[in-house]
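Going by TrEMBL, these are the annotated features:
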{"type": "DOMAIN", "residues": "A:3-272", "note": "domain 'FAD/NAD(P)-binding'"}
{"type": "DOMAIN", "residues": "A:400-448", "note": "domain 'BFD-like [2Fe-2S]-binding'"}
{"type": "DOMAIN", "residues": "A:533-594", "note": "domain 'Nitrite/Sulfite reductase ferredoxin-like'"}
{"type": "DOMAIN", "residues": "A:605-743", "note": "domain 'Nitrite/sulphite reductase 4Fe-4S'"}
{"type": "BINDING", "residues": "A:Cys614, A:Cys620, A:Cys654, A:Cys658", "note": "[4Fe-4S] cluster binding site"}
{"type": "BINDING", "residues": "A:Cys658", "note": "siroheme binding site"}
Amino acid sequence: MNRIVVVGYGPTAHRLVETLAGKGFGGTVTVIGEEPRPAYDRVHLTSYLSGTSAEDLTYEVPAGITTRLNTRVTGIDREARQVTLADGGVEPYDVLVLATGSAPFVPPVPGAEHAYVYRTIEDLDAIRTAAKDAVEGVVVGGGLLGLEAADALRALGLKAHIVEMSPWLMPRQVDEGGGSVLKSHIEGLGLSVHAGAGVQEIVTDDAGQVTGLRKPDGTLIEAQVVVFSAGIRPRDELARSSGLEVGPRGGIVVDAGMRTSDPAIYAIGECALAGGMVYGLVGPCNTMAEVAADRIMGGASAFEGADMSTKLKLLGVEVAQFGAMDGALDVTYMDPVAGVYKKLFISDDAQTLLGGICVGDASPYTSLRPFVGKALPASPSDLLFSGAGAQLDLPDEAQVCSCNNVCAGDIRTAIADKGVTDVPGLKACTRAGTTCGSCVPMLKQLLEKSGVEVSKALCEHFTYSRAELFDIVRVRGITTFSELITQHGQGRGCDICKPAVASILASLHNGHVLEGERAALQDTNDAFLANIQKNGTYSVVPRIPGGEITPEKLIVIGEVARDFGLYTKITGGQRIDLFGARVDQLPEIWRRLVDAGFESGHAYGKALRTVKSCVGSTWCRYGVQDSVGMAIALELRYRGLRSPHKLKSAVSGCARECAEARSKDFGIIATEQGWNLYVGGNGGFKPRHADLLANDLTTDELIRTIDRFLMFYIRTADRLQRTSTWLESLDGGLDYLREVIMEDSLGICADLDAQMERHIATYADEWAATLDDPDKLSRFVSFVNAPGVPDPSIVFASERGQIKPVMAQ
Amino acid sequence: MNWTTICAYEALLPERGVCALVEGTQVAIFRTYEGELYALGNLDPFSGAYVLSRGIVGTRKGEPTVASPLHKQVFSLVTGRCLDDETVSVPSYPVRVGDDGRVEVSLEQRVEVGV
Ligand SMILES: Cc1cc2nc3c(=O)[nH]c(=O)nc-3n(C[C@H](O)[C@H](O)[C@H](O)COP(=O)(O)OP(=O)(O)OC[C@H]3O[C@@H](n4cnc5c(N)ncnc54)[C@H](O)[C@@H]3O)c2cc1C
Ligand code: HEM
Ligand code: SF4
Ligand code: FES
């Protein structure tokens, strides 16, 4: 029993070898996989298209495991106990484990050979290449993977269609009611859904290029890319050809110990037929791998079926299903306006929870899934309507993480006995939360309930979170860093806490950021009121509110750039960035700009950057409100507002949304009746569409709501937490935010309003103030002992008629 | 030792740095909250830019530090060693307040440190 050979190197094989290595298996383990790399995370495969590299997705091969990649196994010689390889070699075994997974099902329709599938990194490479020249794409299959593929096509810039045989989307996870809510969400995003439709053929032109997909009713969906995601088929071909028992509809038959009809051969993962079922989710596949590892090492654990619950966020919509999908009784909550559908299935005596379906709001999944098969913890209507679920205490045996089969009791043990105090610790110790991540909110709850102080310490100098420090500064009336750190911290601070405290002091007291001791707290950008660049020079961004500028002012910018030899570029924030200034040039540059009526654009600060605007109703034939006027008013209102992170905004004059307001921290879109306000949007590394906070607001209502939104964010966010992540981490989310700032549920609105009034009343342009202060100006030198000497290390070359930095080494 | 006079002590703000040009070498000089002076090479070895004098001054476990303003690696003001990557360090120079109350540095690098 000392030579184990594993066929296939997918996630299940990885879990097997990892478990064997962890248990100290003494023999040799050889994994043979046909893909060019070790196992990788398929669950997060789609992130490959948004920039996660293949290396990031790939798992580390455990020490002591031999791998043979790029190698397909072509046969099993059960007599000789060896497998044969495509390259002609053989590999002898004492124990063989088949972990060959599954292959996407491609229906045998004409033209199917031109379609793509969505399973491997190479598949995604092929789709990405094909999408380059395509305008529209179709995904066949409206299940979990199909929607994910459709989202990917959309992210690649295609207009995406989904064709689903069943009358509604995700038929395995949701019922008809849920399907209709899901459909309207997805259509709202600009995808088209063709439910109850099949595929007649994939149509190509004479050159063999795909031009569309014909439905059985004869209609054609135009598309240049077709992706099949119409189910999976277990890869049982090796088992078949070697005479192992397979199921009538495929899958290698195994017993509860994952053994096939040959006792020397195991099968695990998506290729196995366990208890008459093929499992297409990582959770059960991991459990199978752990059972097989245990059996191989002489244990007796058994695979007894698995929870097929799923929760995912597809196209920004939460969809979840847990437990059974029917029952004697059911209770439904449906809000078509908000796009929420929640349903619970209950036993006929109304005592036991059987399962549930959620679309648009998956909170019941998190709170109620552990209660499946158990007594209802509260009345169904309370559970669905009031969100009472979040406060429940989970029984120890309740499963918290279905991907890794971890129960509430395991988490409590980790906290109590192993002293784990945070989510990363729980992940390392129990594996919970390491796969799909949907159970992480529950891990946090368990940590909180166990009374563990989750460390929110900002850095080694303060044990408080930013929000706590903000309150300390506000309530105690603290005005300097030294006061704060002597009374509430230790040491002399660092590059983490100093700028954070500087920002808090600026949010609460305004005043000049370079005044007195505050000068020493600032990052170099704030210290020189400009943005540092890679060669130690700075860039200058004057404010151009709403992106509107007169020809005279444009000329001044041009002249300044020319006279100081600066590189100029238009920013994405509708203003102009002037690069390559030495510290000693900054005052001279700003003297010219301030004289011409410009002021600081705060491009260097964690502060309001710009409020972009589209053309708006003044000129645009579609516009319904003056977006430019509104953008200017907002930018002038919030200019100079220091915050936990930068703030960006935009105003669009109609629903066409040319200003891309929904990618902003706060975005405004004009309606016939007024303004819609969206919050928590983000571009960047993790793009997020802003959520609609309120619609059809009057101008006064709009401004009041933004005032409070910003001040509440500034009070409660973590250091460097953008509004998007802040909103996502806010307990109670958007509804809670609405209650606090629109219904004043905490009674703090008057305070927030007053704080904003104070900011507006005390705003002053910090560049103008700096120019008037010889003391502050004296710091703008390259060399303290040679004020007139320029820094000789700064060297430029020329490119496209402008300067570019040259690094010395 | 050969000392070069730089500026008045008061020209240095607590917990900020300045840069001095000493015989063509850029030296970053820092004054801590307690009033002590330290001098390091101004070149940030991670970015190749001469910027260390513009970093945030603070402490790590009691040791006075400066963080590079570009990518935030932290250096000991005492030894010049990078506390985030022990294979990297910057030169550290002797610095003092002269008899006339002016700040002086010497380009003779400290070999043994422990002042
Ligand atoms: C895009 C996508 C998203 C997903 N999202 C989720 C999700 O959110 N939640 C969830 O629970 N599950 C999800 N899944 C499913 C999950 O990825 C699978 O359950 C899991 O990959 C199964 O692992 P496996 O190792 O059994 O099979 P596979 O991953 O298919 O691995 C089998 C490996 O064996 C190789 N192989 C097969 N035959 C041979 C042979 N003869 N010789 C050599 N090598 C061979 C194959 O090339 C493959 O590398 C998703 C899947 C995809 C594709
Ligand atoms: C997370 C990575 C990012 C960082 C660290 C970053 C950093 C910066 C910095 C330093 C500037 C100022 C440039 C200068 O004047 O020197 C800037 C400006 C800008 N960035 Fe980014 N940026 C990031 C991502 C993005 C993304 C993804 C977008 C667009 C979706 C974006 C849009 C802008 C715009 C529009 C400006 C100009 C704003 C203005 O005029 O003030 N940034 N960014
Ligand atoms: S968003 Fe509307 S008003 Fe603004 S430019 Fe576009 S079409 Fe015109
Ligand atoms: S449920 Fe997927 S990681 Fe826990």
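Glycine residues also receive a Cβ, built from the backbone N, Cα and C atoms like all the rest.
Note: TrEMBL annotation is automatic and uncurated.
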Number of Cβ atoms other than its own within 10 Å, given for A:Cys620 ([4Fe-4S] cluster binding site): 16
Fewest other Cβ within 10 angstroms of its own Cβ, chosen from the binding-site residues A:Cys614, A:Cys654, A:Cys658: A:Cys658
Sorted by sequence, non-A:Cys614, A:Cys620, A:Cys654, A:Cys658 residues with Cβ within 8 Å of centre, [4Fe-4S] cluster: A:Val615, A:Gly616, A:Tyr622, A:Gly623, A:Ser627, A:Ser652, A:Gly653, A:Arg656, A:Glu657, A:Ala659
Averaged pLDDT, computed only over the residues in the domain 'FAD/NAD(P)-binding' (A:3-272): 93
Summary of DSSP states over the domain 'BFD-like [2Fe-2S]-binding' (A:400-448), given as helix, strand and coil counts: 28 helix, 4 strand, 17 coil
